[in-house]
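Here TrEMBL flags H293, H342, H407, H588 as Fe cation binding site. According to TrEMBL, the feature compositional bias 'Polar residues' maps to 20-32. Taken from TrEMBL, the feature compositional bias 'Pro residues' applies to 56-66. What TrEMBL lists as compositional bias 'Low complexity' is 74-83. Summarising the annotation, TrEMBL assigns region 'Disordered' to 17-83.
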Amino acid sequence: MDAFSSTFLSTLSLHPKSLLSPNYSPNTSSSLALKVSSVRIEERPQTTTRTKPQEKPTPSPYTPPKDTPKRQLPTKSTTTKKTVKPSFPSVIFNAFDDFVNTFIDPPLKPSVDPKYILSNNFAPVDELPPTECEVVVGSLPPCLDGAYIRNGPNPQYLPRGPYHLFDGDGMLHCIKISQGKATLCSRYVKTYKYIIEREAGSPVIPNVFSGFNGLTASAARGAITAARAIAGQFNPTNGIGLANTSLALFGGKLFALGESDLPYAVKLAPDGDIITLGRYDFDGKLFMSMTAHPKIDPDTNEAFAFRYGPMPPFLTYFRIEPNGTKTPDVPIFSMTRPSFLHDFAITKKYAIFSDIQIGMNPLEFITGGSPVSSDSGKVPRLGVIPRYAKDESEMRWFDVPGFNIVHAINAWDEDDGDTIVMVAPNILSVEHTLERMDMIHASVEKVKIDLKSGMVSRHPVSTRNLDFGVINPAYVGKKNKYVYAAIGDPMPKIAGIAKLDVSVAEADRRECIVACRLFGEGCFGGEPFFVAKDPNNSAADEDDGYVVSYVHNEKTGESRFLVMDAKSPNLDIVTAVKLPRRVPYGFHGLFVRETDLRKLM
């Protein structure tokens, strides 16, 4: 980022050190004096139980080696746990697992070492029943009656071998707000994988992102997994997904999503407890898997989605009607190679897909290579298809060299549908995407596709390291002005939130950040989410609302739920809720209003 924008951002970041102080107010600064809530990670598998927030922490069993960055592994408070006596086959398979993880493929690199990856606030926590929270700054706005729920990886058991952040079991952290009061609840998504491993008392299904590197390791783990299936320890037809990525509300249901499996339907009890209803296939019409980032049109309430995989068709597009009926699949055979297609965008007329340099290579997977890798020789491209297409006959692909996106922020039509505009963070160091997330830098760009001429133009709207960008949900598929994005410090740690004005013209090459909030030294948050003050007021300003997020103070061990004024130049904090125990860093969240919670089926 140039000198001007660096100076500009620093002037917008007020009160960084006082953010999580119990006495914080926008006009004061005070020292941090917060209570630590710790958790202990077991070296050997144990069953999951509830955590008592006031229990004293147990000393950590792990001391990082000297060459590991200085991050402390927290401790995990425990209650009485039901001991699961492993079956004889489990003992044998676990012994083989230990042999592979000790002698064939030990987690030698920090990027796959669970004791490093799961340190500090990345460490898992136990489930927490609905527990009352304390509002320590301001008061909760009336428009926040409902629930903010955030998904993320939280492994049920400390992995025995290599581990990637994407491999953890899904846990939902929900702050339920009603009449100015709040309760926090943390529950695992009760996936098939979670249930069979809980019953077995140990991991059964290997980690996908980190468990198959090298021919020998892949063959060994593959053989053990096949033997477990033959022995009846699990049935792969029931899915092995984690449901750990995001949430979406459509078709009258609330779903926990992970792109390797079907959605899992969940709902909230009146007291704020989270209930998993089960794996959902839309009356047998959804096969295999679905994206974790469906797009819901705010005007029609339709959900647009897709799935991708390592076998043809590598991309399949579909939508779900407001009543929950899934439309027939539209296979996209013009995507000729398997690509890591995590997200996409819609406009009122089109759906836009990205074919990036990160892809899946089945042959490398079979021979022991990484299942996901980058190809520097591949030219990224964008695919455009009418959003109500019944086949791929109108699919068009446009080369966009150097444009690698994992998340899409928004897109819209211009010039009566002859031009498509898309806003997304472009990853500038794609080769590090999965292994070294701390080396990733993403620059938010605006891309224009002229459908008549076939010309594509693009320009950056911010050069700061930003991702997890969100907008006012009422503007999905329509021209929007404001984006709220997470500031990498580096990723996956999020140091603050930046508000961007993406309406700046291409000719005006200036930094588009118009507001910024840094969380302060040792404080890191998650993806922001925008909540409108009055979603039914069509005349309201686009940014008339609040930005919410969980924020954790690594120095004190305390987590808070922050409510920020989206219109203010410094994203002023209007409310801070002290949480009864820490909330680990995670992925994507969603705010669901009380009126919608009551309608959940």
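Any Cβ shown, glycine's included, is placed from N, Cα and C.
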Near the Cβ of H407 (Fe cation binding site), how many other Cβ atoms are there if near means within 10 Å? 21
Cβ neighbour count (within 10 Å, all chains shown) around H588 (Fe cation binding site): 22
Around the Fe cation site formed by H293, H342, H407, H588, which additional residues qualify by having Cβ within 8 Å of the site's Cβ center? T245, S246, T291, A292, D343, V406, A408, F587
Counting only other Cβ atoms and using a 10 Å cut-off, which of the binding-site residues H293, H342 scores lowest? H342
